[in-house]
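Reading through the structure tokens given below for one structure.
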Amino acid sequence: MPVQKDAFSAATFAGFIGTFGGFGTTSTSAAAPGTTFSFNAPSSTTGSLFGNTQNKGFGFSTGLGTGATGTSAFGTGLGTTGLCGFGGFNIQPTPQQQGGLFGQQVQQPGQTQHTQLYQQVTALSAPTLLGDERDTILAKWNQLQAYWGTGKGYYANNNPPVDFTQENPFCRFKAVGYSCIPVAKDEDGFVALVLNRKELDVRAQQQQLVESLQKMLGINQMLSVNVEGVKSLPDDQTEVIIYVVERSPNGTSKRIPASTLFSFLEQANVKIQLTQLAVTMSVARTELSPAQLKQLLQNAPAGVDPIIWEQAKVDNPDPEKLIPVPMVGFKELLRRLQIQEQMTKQHQTRVDIISNDISELQKNQATTVAKIAQYKRNLMDLSHRVLQVLIKQEIQRKSGYAIQVDEEHLRVQLDTIQSELNAPTQFKGRLNELMSQIRMQNHFGAVRSEERYSVDADLLREIKQHLKHQQEGLSHLISVIKDDLEDIKLVEHGLSDSGHIRGGI
């Protein structure tokens, strides 16, 4: 019965994989009963461990990371927590830090890694749980679980099952993206706290959060907690970047190093208090040393093919600012996508704010230009008024005095200028000519203003036809009147004849 259940589950998962078109798997002939799992590549492919994955990244046949392009298929600059707002692999020399460079569990050195890898390979290639041909089906089922990155692989009666996680080297749901290299120094003292609250709630209670953190530092009045920035994260979380300033009695101040503050926050009693404040994680914002960066690039992360890792380093669009990071599982991919969408919205919001500021500045500039022109006119008017006042004051001051030599020179110069202006070929003559031209243009404009109305040809035709009908009606009326007059004359003539006849009788 257990074997039938495993076979049914394998068939169910195989149908599920077939529904989505596979995840980089290839159709290979089933291994003969009793044979071991082969690590040799199929004859028709030159690829990795589980089928044709030549130049296909981690084997995602739907383009979820392919060779040279798959490493950057998810965009650049999408780090993990702590890097450029996208998070990150924060390498800390402190002993409190848990996990490896990328937040994974640190693999125990030496024999433990080899033993775990041996157990995984045994579960995938040659399990001896049942001792018959059903072990071949169990091996395929273990392979499917290893591809999927979840489940337990049974391979022997006397040994516990192997846990297949997404970090195992046979998992297919992996890709490589890029994150920004952190630039903050340890002396800056930045530590990021991730709170399981919305940004609006955190901003509303920011002062209470600072006071609570201040209480954690003790009664030392020389230390003060400061907030560098607050940023929203997916899943209704918020990142708060803090730093602590220590003030000495002589008036100087310095920041507590980020590593020291991070070590303090990682203490057990302090972490309990942070948990009560809804803090889920704390990360020190420090840059990577050259040795750490070199070690990070030289050693491929757990479960990542070294060839893919080398190709990711080659395809890095900006090695000075970006660093390759692995993405394991769909949750990580979804998280990075959500962060990218959130950053896009923030950038759009900032662009809208800048656009509004530019529009406001343009309005202010137009208003300022108009005011400057107005002030220039006012300055000119005031200058003329001041000149008139000075002239009158100078006249009153010089009244009763004889004309001095310099005044005589000025009068001569003014007469010369006046004569030049009055010359026919000089400015006054040109002004007179311009005035005459302006008058002529005004006259022509008045004449042109008497415009003759133009009538449309069709309308003119209709008017003519109407006048023609009127003319015909008048002609007919005149002819009728003439006929009536003729008849009246005949009647009168007849009446006069009848009167003569009566008189003769």
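Each residue, glycine too, has its Cβ placed from N, Cα and C.
For reference, TrEMBL has these:
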| type | residues | note |
| --- | --- | --- |
| DOMAIN | 301-438 | domain 'Nucleoporin Nup54 alpha-helical' |
| DOMAIN | 453-491 | domain 'Nup54 C-terminal interacting' |
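Within the same chain, no residue sitting at least 6 positions outside the domain 'Nup54 C-terminal interacting' (453-491) brings its C-beta atom closer than 8 Å to a C-beta of that stretch. The average pLDDT computed over the domain 'Nucleoporin Nup54 alpha-helical' (301-438) stands at 88. Residues in the domain 'Nucleoporin Nup54 alpha-helical' (301-438) partition by DSSP class (helix H, G, I; strand E, B; coil) as 109 helix, 7 strand, 22 coil. According to DSSP, the domain 'Nup54 C-terminal interacting' (453-491) comprises 35 helix, 0 strand, 4 coil.
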